[in-house]
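TrEMBL has this to say about the protein:
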{"type": "TRANSMEM", "residues": "C:19-40", "note": "transmembrane segment"}
{"type": "TRANSMEM", "residues": "C:52-71", "note": "transmembrane segment"}
{"type": "TRANSMEM", "residues": "C:78-95", "note": "transmembrane segment"}
{"type": "TRANSMEM", "residues": "C:101-121", "note": "transmembrane segment"}
{"type": "TRANSMEM", "residues": "C:128-145", "note": "transmembrane segment"}
{"type": "TRANSMEM", "residues": "C:165-189", "note": "transmembrane segment"}
{"type": "TRANSMEM", "residues": "C:219-239", "note": "transmembrane segment"}
{"type": "TRANSMEM", "residues": "C:251-270", "note": "transmembrane segment"}
{"type": "TRANSMEM", "residues": "C:277-295", "note": "transmembrane segment"}
{"type": "TRANSMEM", "residues": "C:301-319", "note": "transmembrane segment"}
{"type": "REGION", "residues": "C:327-361", "note": "region 'Disordered'"}
{"type": "COMPBIAS", "residues": "C:342-361", "note": "compositional bias 'Low complexity'"}
Amino acid sequence: MRRRFTVASAMVGAVALMTLAGCTTDPSVTDSSEAPESSEEASVEWFDQALFDKQNAERTVVPEGPDGQPWLQTINAELVDTAQFASTGPKKACFANASISNPWRQTGWITMNQQLKVLQDAGVISEMETRDAQDSDDTQIADIDYFIDEGNCDIFLISPNSTAAMTPAVERACDTGKPVVVFDRGVQTDCPVTFIHPIGGFAWGIDTAEFLIDNLEKGDKVVALRILPGVDVLEQRWAAAEKLFDEAGIEAVDYFTGADPAEIKKIISDELAKGDVKGIWMDAGDGAVAAIEAFEDAGADYPVMTGEDEMSFLRKWKETGLTGLAPVYSNFQWRTPLLAAQKIFAGEQVPVEWVLPQSPITAEEVDQYLALNEGMPDGHYAKFGGEDLPGYPQVWEDRVIP
Amino acid sequence: MTAATELRPSAGQRLAGLARTLISPRGAVFLLLVLLLVAIAVLNPSFAEPSQFIRFIQRVAPVAIVAIGQYFVIVGGEFDLSMGSVVTAQVVIAGNLIGQDESKALPVLALMLGFGAVIGLVNGLIVSFLKVPSFIVTLGMMLALLGAVLYWTGGAATGNPADGFREIGRGGIRGIPVIDILPWSVVILVVVLALAVWFARRPFGRTIIALGDNPTTARFSGTRSWWVKTSTFMISSLSATVAGVLLVGYAGVHPSVGRGYEFTAITAVVLGGVVLGGGRGWVVAAAAGAFALEALFTLLNFAGVPSTYRDAVQGAIIILAVAYSATTFRARRRGRALEAPVVPPPGAPPPAAAPETSPASGAKTDDSPETPATPAPIPSTQRADNETKGGS
Amino acid sequence: MSTATPTARRRRGRLDSSLVVGIALVVVIAIGAVLVATVGRNFFSPGNIRDILTGMSVLGFVAIGQTLVVLCASLDLSVLYVISLSSLIAADLMAGNPANIPLALAASLGVAGLIGLANGLIVTKLKVNGFIATLGTGLIIKGFLDSNYKGTSGDVPMEFRLIGATGLGPVPVSTILMLAVAVLVWLFLSRTRTGHHIYAVGGNEQVARLSGIRTARPVIVAHVLCSMSAALAGLLLASRSGVGNPTFGAQGGYDLLSIAAVVLGGTLLLGGRGSVWGTIGGVAIFAVVDNVMSVMQVNPFLKDVVRGIVIVAAVAVYASRSVERRRPRFDGGGAPPPAPSPATAEPAASAEPASAEGGVR
């Protein structure tokens with residue numbers, strides 16, 4: 001038994017030694033020099049007053065850019081020169097995707113591929129090589145490193161799996177001198193040429209919370225259904241909403257559901273058994289129908305509800321006539337990275353932070369969006385922005401995933 | 001052994017026997033369930049109203065049915081990790097193939113049952129003939145099936161199936177006096193449970209237990225073990241199919257429906273005192289395990305425990321429950337002086353445990369043939385061999 | 001009781017086992033190289049080799065530990081959350097300061113060791129099946145993580161990040177470390193008494209106990225070492241990404257994947273037979289398959305289908321080769337270590353009425 005401890009401690013010691021030794025080996029892979037900047041991430045609170053105020057203001061800004069093409073519009077753009085990347089001929093894009101594990105990402109991925117076809121026909125992009133990290137930080141880091149070594153890439157498109165963890169890898173991509181475009185979730189470095197995203201989670205939280213507050217009385221109960229903890233774009237939605245509910249005296253309880261409708265239905269049923277539920281807040285629309293059905297099955301009045309622009313929710317909303325709002329996390333942003341690549345290779349200016357418009361679908365607009373997306377599957381997103389792309393509507397109706 | 005000589009135990013003795021059964025490992029799950037239900041009812045009296053309670057049963061039905069299916073696999077000495085994926089696959093199949101056309105409901109239902117049987121058949125045959133451990137076979141099946149379904153649907157099903165089909169999981173017989181509504185789910189659960197109890201008592205069901213208990217003996221006694229084993233996998237896949245039908249009604253179509261059901265089912269079965277590795281367990285207790293688990297979640301909800309702590313409580317309960325039954329088993333064994341003296345844990349004194357065994361097993365010999373649903377016939381010796389021997 | 005397995009046959013069996021894993025790996029590499037060539041890439045280019053080896057590192061650490069536990073006929077499903085927890089502890093304690101690295105390493109390995117100790121004690125003293133015990137502790141840790149961490153946390157200093165980002169030629173340092181740990185575990189299994197006892201206990205606990213082995217000890221040690229090597233995986237992830245993340249473990253699905261890799265490496269899930277090198281082979285097969293699919297840009301959903309089929313098919317190949325070797329239950333100490341014959345020699349002598357523990361692992 002003593003021997004056991006000897007062996008164990010020897011192993012630990014050896015590993016520790018080797019670990020330390022590892023630090024002194026040649027840094028053949030150069031990490032960028034930036035290191036201490038990211039210390040603010042140690043905080044665990046998602047609420048950020050400055051970002052809240054910024055996004056709150058951006059909600060009311062009229063976006064600039066071509067009418068009817070929200071994926072090219074910008075809000076408060078601060079343009080950056082890209083002349084150094086200007087170059088002719090078709091280019092190879094390398095896309096490190098976080099995953100296509102939810103309907104929102106699948107819809108966007110389909111749209112992106114149709115956009116790619118347009119640019120390939122136009123001779124802007126020769127091909128796009130995609131590596132899908134299947135929701136794993138580690139895999140995505142390896143994917144980016146692979147692209148750097150083997151991809152022969154002219155531009156990196158990155159949809160990070162998580163903000164902080166992907167920062168070192170994105171910096172390595174920047175160090176190649178090739179343009180880097182980041183979209184959806186961000187990274188903690190400003191080395192990419194542009195970072196494309198809709199206004200953001202706080203704006204979502206403000207839109208939805210204000211709607212519920214306007215339609216409810218003080219002291220009413222709202223059940224907040226959240227998918228999972230720890231994802232910044234989702235946490236910020238709740239951080240904003242929670243704060244506003246708090247200030248308005250709305251009683252809000254939140255649950256993590258894993259987007260599982262069975263789980264959602266159980267939670268709502270239990271809440272209805274405890275007492276009246278006047279409002280439902282969701283950080284993503286998956287499972288909204290199950291939430292509404294829980295009210296039907298319990299024989300309770302429909303709640304005031306915010307879902308998402310997912311077709312299942314829009315259809316159920318219309319069918320039940322409840323008081324609702326469909327906040328939007330603009331799915332059309334999946335078109336923008338490739339269009340940004342086109343601009344960058346043309347040497348046109350692009351915004352450093354490309355903020356896309358993000359406006360909820362209101363009760364007056366539901367019919368319009370339902371008509372536009374008739375025949376689309378339930379997991380489709382109304383503001384997918386691909387109506388002018390080839391293959392519309394068949395590709396989205398059949399959900400052809402490359 | 002003393003009780004066995006008495007032919008007619010008095011009511012008091014029966015009650016005492018019942019009490020002993022309740023604190024015995026096999027009965028513990030029922031005690032736990034009752035405690036949880038009482039706690040919920042105290043926190044939220046409306047839960048005890050029949051109309052609310054029947055809704056609770058409706059909600060647990062899919063999990064309980066999956067647990068019943070998993071029971072047969074586990075008691076036969078194997079695992080089925082593919083159940084969650086089977087549930088998801090069936091939910092998506094229902095959504096995509098039935099669509100809004102109610103006339104397709106029956107043919108698609110038949111297709112789903114056939115598909116479920118085929119999945120179980122494939123699992124079972126690979127386990128039996130290619131000698132791949134069931135853990136690996138069903139893990140592979142879990143990955144492959146879910147991936148295939150997502151590939152087929154592009155990640156999201158077209159939409160919910162027709163309301164008529166969803167009625168199975170969502171609706172029920174309305175206008176019943178006390179309970180207001182008798183959900184179809186509850187009816188199906190009762191039918192499935194009755195079938196399972198009946199099946200477990202038939203020679204074939206006993207053979208499953210014998211096989212899980214000691215494959216070599218079972219083989220020597222002429223069991224066609226490949227068929228027995230394969231049939232357990234078919235039972236579990238079929239039960240996952242039934243659960244899928246209920247869930248698509250209850251919740252609707254989403255690729256996350258059914259996620260984690262394999263672990264939930266295994267947990268429920270183990271809570272019900274069924275021993276991983278096979279050979280021991282009672283199917284009703286497995287179903288009760290599912291109820292206990294769901295009651296636990298409900299209790300945590302009502303108690304306002306933050307949902308992030310739910311997992312931690314669940315984890316602790318599982319360990320404690322299994323540790324309780326495992327250490328009690330051990331204590332009993334020592335009580336029967338069969339085991340060489342091995343360092344006993346302080347928690348389980350042998351004197352208290354020793355008398356427990358005999359009366360309960362005496363009660364068993366009395367009434368096991370005719371009353372299937374009472375807790376009494378649970379063989380409370382540490383193995384189920386008396387039951388299996390009785391069969392052959 | 002087929003106690004009388006001749007040693008010669010056993011040795012052949014052992015050779016077969018590692019040989020089959022090796023052959024399977026070579027076949028997978030050959031097929032992979034051809035497939036990669038069809039899309040105009042070079043499978044053996046430095047970047048690609050680095051991608052494969054990087055893919056091996058994290059899963060390798062987890063699977064090495066898992067091997068020990070599986071050899072004892074237990075399982076560890078809690079590795080998932082141990083990985084996440086250790087990455088968070090390390091990243092938080094380092095807080096960007098290189099001076100804190102030793103402390104952070106000690107703390108995360110120490111906490112992981114304690115978790116392993118808890119697992120081992122629950123399995124041996126409370127007699128809870130390893131599957132359930134570690135499922136339970138895993139859920140408890142998950143509850144702790146979800147309640148206390150909201151997203152990524154901490155800051156790993158540059159010095160520690162270099163481990164994850166440095167390579168000697170195409171070979172990442174992390175892979176070298178992983179292989180070094182494999183060597184240590186191999187030595188531990190083949191040269192120490194506890195190592196031999198792990199095989200004995202996994203082969204047949206009853207027999208091992210009756211032949212005088214304190215059966216709890218090897219199982220506890222295996223669980224402690226397993227959690228600690230999972231912690232190493234967490235540390236590597238922290239090093240590669242610069243932060244700790246409460247979902248690192250879940251992201252990779254390392255619990256089931258590591259068990260699959262262990263079995264893919266020819267280790268018996270029932271315990272008692274297998275080797276660390278087989279496991280490394282199993283991990284390599286996974287890494288190559290993943291790499292080839294990524295280079296071919298296979299639809300991510302289909303990737304899972306292929307993974308599932310590969311797992312079952314590969315294990316079926318081994319199993320069919322070793323059908324007759326699986327049966328002897330009392331062949332506990334058969335595999336790599338040269339010495340454990342006491343376990344096989346004694347059962348007949350001490351044939352107590354060993355109260356049938358048939359199904360209990």
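Even glycines carry a Cβ here, placed using N, Cα and C.
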Of C:128-145, C:219-239, C:251-270, whichever stretch has the most CB pairs under 8 A to the transmembrane segment (C:165-189): C:219-239
Close approaches to the transmembrane segment (C:19-40) from elsewhere in its chain (Cβ under 8 angstroms; 6 or more beyond its ends): 48, 264-266, 277-278, 281-282, 284-285, 288-289, 291-292, 295-296, 314, 317-318, 321
Recorded stretches the transmembrane segment (C:219-239) and the transmembrane segment (C:301-319) touching, at least 3 CB pairs under 8 Å: no
Close approaches to the transmembrane segment (C:301-319) from elsewhere in its chain (Cβ under 8 angstroms; 6 or more beyond its ends): 17, 20-21, 24, 260, 263-264, 266, 282, 285-286, 289-290, 293, 326
